[in-house]
Amino acid sequence: AAVLRVEGGLSRQAMSSWRSRFPLRGCVRPLGSRRTCRWEPRPAACKGHEKLDMLMYPVESIRNFSIIAHVDHGKSTLADRLLEITGTIAKTDRNKQVLDKLQVERERGITVKAQSASIFYNHEGVNYLLNLIDTPGHVDFSYEVSRSLSACQGVILVVDANEGIQAQTVANFYLAFEAQLAIIPVINKIDLKNADPERVEKQIEKLFDIPTEECVRISAKQGTNVEKVLQKVIEKIPPPQCNTADPLKALVFDSTFDHYRGVIANIALFGGEIEKGHKIVSAHTKKRYEVNEVGILTPNEQPTHKLYAGQVGYLIAGMKEVTEAQIGDTLFLYKQPVEPLPGFKSAKPMVFAGMYPVDQTEYNNLKSALERLTLNDSSVTVHRDSSLALGAGWRLGFLGLLHMEVFNQRLEQEYNMSVILTAPTVPYKAILSSAKLIKEYGKAEITIINPAQFPDKLSVSEYLEPTVLGTIVTPHEYIGKIIALCQDRRAVQKDMLYIDERRVMLKYLFPLNEIVVDFYDALKSLSSGYASFDYEDAGYQAADLIKMDILLNGNPVEELSTIIHNDKAYATGKFLCERLKDAIPRQLFEIAIQAAIGKKIIARETLKAYRKNVVAKCYGGDITRRMKLLKRQAEGKKLMRKIGNVEVPRDAFIRVLKRQTDK
């Protein structure tokens, strides 16, 4: 049907009358000004609105793969070119990181959330369905990578031809290797002036034992050789091992919340088929749902009649509560129960921080926003917490500092919530020796995530701190500075390997507390930005830990207590006292700000009192008159200090608890 143009302004009644006279599926769109509109009927067979028949793609013509790499090696750009070549998206200059949909991803230029897209490709006369998952590259989001790999049979390992193998390249390779996935090495950015693909091929062969002839040299930005990557995917990656005849078994590997449709679950089918109207059951909650819609992501949602075994898509089934779609859950048909899939290892938080609403009246709104955001980012752990100064809030566990910053930014951008985040801490452990405490806790080893829970040294046989095995890849000219930095952070060297004549890989055992705040920044500034860093959990080790209290006129302030290593106590105590001196407003009496370990004071700053110039009326005369007035004033201040309470204002807390040092 022809496009119908209607000149002149259209009221709502006029629009509904046009719709009744032309009962076609379509929409009224404005043309330039508000006074010119057009009605565009959509024919039934219009591409993008018809429901696809997924039966055309049997299991043997399906390939599920992820793109993995270090930060900024060109994963999202390669994903854009793959989508363009297969005709999934139109070729335009605006196609930059199409799969990075979050505002925080656009602003920071990094991938935070793994995104999937289904693409159709004809190779040697056979139609293939390729399910691509673009993954984050930063170490803080490695949980997203490991989850994505569970829905795949192979990976494309992208390495920058200029920078070569970096720390996260090594970590991601071993994630894929341990999952026994097919690995296709791709050397990207060969169009750069300083690109050296031969050197990178040798690095890949030396570190990963992959022959140089298997590497594909491409330029994702210019589209050079990208078609060859698709051919390699079809040849090297095996189809999924599953059968449509089996009962339905679907793994929920991601989910988002929509205000109108409820929870949208991303699923990978490991058996059977699913369609609208099916009654399904969640293995985790045992709740029953009716399927409202199934489809694939191309990368936008496209409804299909059915989804079959081996395929990856989305499902909407009227899940209204955010707690109902647990990531790692198994869905099966009602009255056809199956053995649940193993799911995912729950993420292990590395950094804890308190989160409080700026205004306590916003508590319920923040609670709702947190529930919805943790549905989409399941690696965050949430525990209720409260503080005398900041009110009711939560103790959140993150995988790293960048993860914490991105989570906070998403809360602000997506839910319009402003919050107070306290200084990050790491989870310590204590082995109790007191029988009374063991009976109270029900176990001899306890985990401490809040300094308020730190047990006294007399009732503990030893304290344990978390450690990580860090991998640093750096040009050899920076080795001396980096070794000195690591030793300053109490690290122990484990290994040192020359990848080639210019690059070195160092392995160190770090206490997590030493690297959590500013180690990465210090490493980057020492190495002019060339060194890369990655870490993995390495268990706990015994440490000389202490709890440091901050006292104001002898009264401890619970919110400012910290757990630190004995060696760093003096420097941290002095810094906190100086910071408080700048943050607390002056009073009419003197305030002593002290850092204490038990009864021992290790640092002190004094905030002088406001005082009236009582000797202003003395024009000469005897000195005893002057001394008498000053003595009387000092006695008054002393009395005031005894009865006066120091209340730390909220904004002073926020300034002190902020991680960034302003100096």
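Placement of Cβ uses the backbone N, Cα and C atoms for every residue, glycine included.
Going by TrEMBL, these are the annotated features:
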DOMAIN    60-241  domain 'Tr-type G'
BINDING   69-76, 134-138, 188-191  GTP binding site
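Shown are the binding-site residues Asp72, Thr135; the one with the most C-beta atoms within 10 angstroms of its own C-beta is Thr135. The number of other CB atoms found within 10 A of the CB of Lys75 (GTP binding site), across every protein chain shown, is 26. Non-local neighbourhood of Ala69 (GTP binding site): Lys75, Gly137, Leu157, Val158, Val159, Asp160, Gln168, Thr169, Asn172, Asn188, each in the same chain, at least six residues away, with C-beta under 8 Å from its C-beta. Every protein chain considered, the tally of other Cβ atoms within 10 Å of the Cβ of His138 (GTP binding site) stands at 22. All protein chains considered, the CB of Ile190 (GTP binding site) has 19 other CB atoms within 10 Å. Averaged across the domain 'Tr-type G' (60-241), the predicted model reaches a pLDDT of 83.
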